[in-house]
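J.: Let me begin by handing over the structure; questions about it come next.
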């Protein structure tokens, strides 16, 4: 299913969830520092860069496109961390690891909406996300637990609050 938004087409899965993709953008392979971007709705809050998938777009391709648009970085795409479900907002987000190899000085969202970006230690990133973006904070828990993907489907517990199923 698709819906047109003013400047984009939203895509939905069979359950009516918006299909999204995002990356945990790490400064290096040690995965100690992650890049967060300012929210377009709440510029004083930090979020993981990501967004809606285009029709017929593979999740990995969408993830790379979104981080370039939102965070102004390019890099080496790594493993799928998981597919995360936000029942409140009806989103399913494919989250990947990306090792940053190039940081653009000017990028689409910095020019168009004044979006900012900043490197955070993992613990700090979790702290700034857990209040207003608990599902995004859970990305790091899944990463830390190090569950491996089973044919692209992560094998992870669903032990998050009732307003979100956490990880599918």
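We count from 1, first residue shown onward.
Glycine is no exception: its Cβ is also placed from the backbone N, Cα and C atoms.
Straight from Swiss-Prot, here's the annotation block:
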- 69: active site, proton acceptor (ACT_SITE)
- 10, 18, 19, 20, 39, 40, 41, 89, 90, 91, 115, 133: substrate binding site (BINDING)
- 50, 70: Mg(2+) 1 binding site (BINDING)
- 66: Mg(2+) 3 binding site (BINDING)
- 66: Mg(2+) 2 binding site (BINDING)
- 17-142: domain 'Nudix hydrolase' (DOMAIN)
- 1: N-acetylmethionine (MOD_RES)
- 51-72: motif 'Nudix box' (MOTIF)
J.: Give me the DSSP three-state residue breakdown of the motif 'Nudix box' (51-72), ordered helix, strand, coil.
T.: 13 helix, 2 strand, 7 coil
J.: At a 10 A cut-off on CB-CB distances, which of the binding-site residues 10, 90, 115 has the highest count?
T.: 115
J.: By DSSP, how many residues in the domain 'Nudix hydrolase' (17-142) are helix, how many strand, and how many coil?
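T.: Taking each residue of the domain 'Nudix hydrolase' (17-142) in turn, the totals are 37 helix, 52 strand, 37 coil.
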J.: Please find which two of 10, 18, 19, 20, 39, 40, 41, 89, 90, 91, 115, 133 have the most distant C-alpha atoms, given that the record lists them as binding substrate, and give only that distance in angstrom, rounded to a whole number.
T.: 25
J.: What whole-number Å value do you get for the CA-CA distance of residue 70 (Mg(2+) 1 binding site) and residue 115 (substrate binding site)?
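T.: The separation of the Cα atoms works out to 7 Å.
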J.: Neighbour count, 10 Å Cβ-Cβ cut-off, for residue 50 (Mg(2+) 1 binding site): what number do you get?
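T.: Taking all protein chains shown, residue 50 (Mg(2+) 1 binding site) has 26 Cβ neighbours within 10 Å.
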J.: Would you pick out, from the recorded positions 66, 69, 70, the residue whose Cβ has the largest number of other Cβ atoms within 10 Å?
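T.: Result of the Cβ crowding comparison: 70.
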J.: Where among the binding-site residues 19, 41 do you find the Cβ with the fewest other Cβ atoms within 10 Å?
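T.: 41, out of the binding-site residues 19, 41, has the fewest neighbouring Cβ atoms within 10 Å.
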J.: Which one is it: of the recorded positions 50, 66, 69, whose Cα lies the shortest distance from the Cα of residue 39 (substrate binding site)?
T.: 50
